[in-house]
Amino acid sequence: MGNTSSERAALDRQGGHKTPRRDSSGGSKDGDRPKILMDSPEDADLFHSEEIKAPEKEEFLAWQHDLEVNDKAPAQARPTVFRWTGGGKEVYLSGSFNNWSKLPLTRSHNNFVAILDLPEGEHQYKFFVDGQWTHDPSEPVVTSQLGTVNNVIQVKKTDFEVFDALMVDSQKCSDVSELSSSPPGPYHQEPYISKPEERFKAPPILPPHLLQVILNKDTGISCDPALLPEPNHVMLNHLYALSIKDGVMVLSATHRYKKKYVTTLLYKPI
């Protein structure tokens, strides 16, 4: 009776509504709520949809990793070259660095190239060639548990130490005030005017060294007739012509190749 009176008093305080009792196992007298079984066919579509979205989830995590790295420490962007050598008509690049959006590549002869400024770290990417997703087997790859294969690239600071050093040197040498400049004074542009006495001058006399043509010299009896004597260095790289005989002009030139001298003859009919 004590319990009945206490329940009745509680009902009066709650407006006459009585909450359902629960047993020791947590069940309600009004009926148990439906439970989702792990192996029931009702949740098969749920797990199937999760398996389908797993690659997209992995790509999203890779993209999210790049965003977290950028938020933590804004690393310096480094020029990175992407090249596709597998042929095709239209090639696009997609990666974790651009939220897996398609970026067209520029055609260069038989290759497709793109240069992007990427922060330091690891980045995944793929190629979209003529409507098909593929990866470059000649570059490093990473494979997920579901078999998704992506190319991976490591952008390291050490790969650009030479360029950084050159940039520092160029900045140090940017001040050219200490360099020698042109002498002070006015500068003009005046055309050359030949003097009247220069017009009637005869051509200069041929230097005597060029008169000693090796083709005009007689070879000694003890020498090989196929070999010519060693020419003087002033005779090199000059064109010599023989007087025209029987309608044929003969031209010759001597060149030096290391320690050897080669004389070439050209016969031209006229």
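Cβ atoms are placed via backbone N, Cα and C, with glycine included.
Quick look at what Swiss-Prot annotates:
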REGION    1-44  region 'Disordered'
MOD_RES   THR4  phosphothreonine
MOD_RES   SER5  phosphoserine
MOD_RES   SER6  phosphoserine
COMPBIAS  9-36  compositional bias 'Basic and acidic residues'
MOD_RES   THR19  phosphothreonine
MOD_RES   SER24  phosphoserine
MOD_RES   SER25  phosphoserine
MOD_RES   SER40  phosphoserine
REGION    68-163  region 'Glycogen-binding domain'
MOD_RES   SER101  phosphoserine
MOD_RES   SER108  phosphoserine
MOD_RES   THR148  phosphothreonine
MOD_RES   SER182  phosphoserine
MOD_RES   LYS201  N6-succinyllysine
Secondary structure content of the region 'Glycogen-binding domain' (68-163), with strand meaning DSSP E or B: 15 helix, 47 strand, 34 coil
THR148 (phosphothreonine) to SER101 (phosphoserine) - Cα separation in whole Å: 17
Distant-in-sequence Cβ neighbours of SER108 (phosphoserine), under 8 Å, six or more positions away: none
Number of other Cβ atoms within 10 Å of the Cβ of SER101 (phosphoserine) across all protein chains: 10
Modified residues: THR148, SER182 - member with fewest neighbouring CB atoms within 10 Å: SER182
Cβ neighbours within the same chain of the residue listed as 'N6-succinyllysine' - under 8 Å, at least six residues apart: none
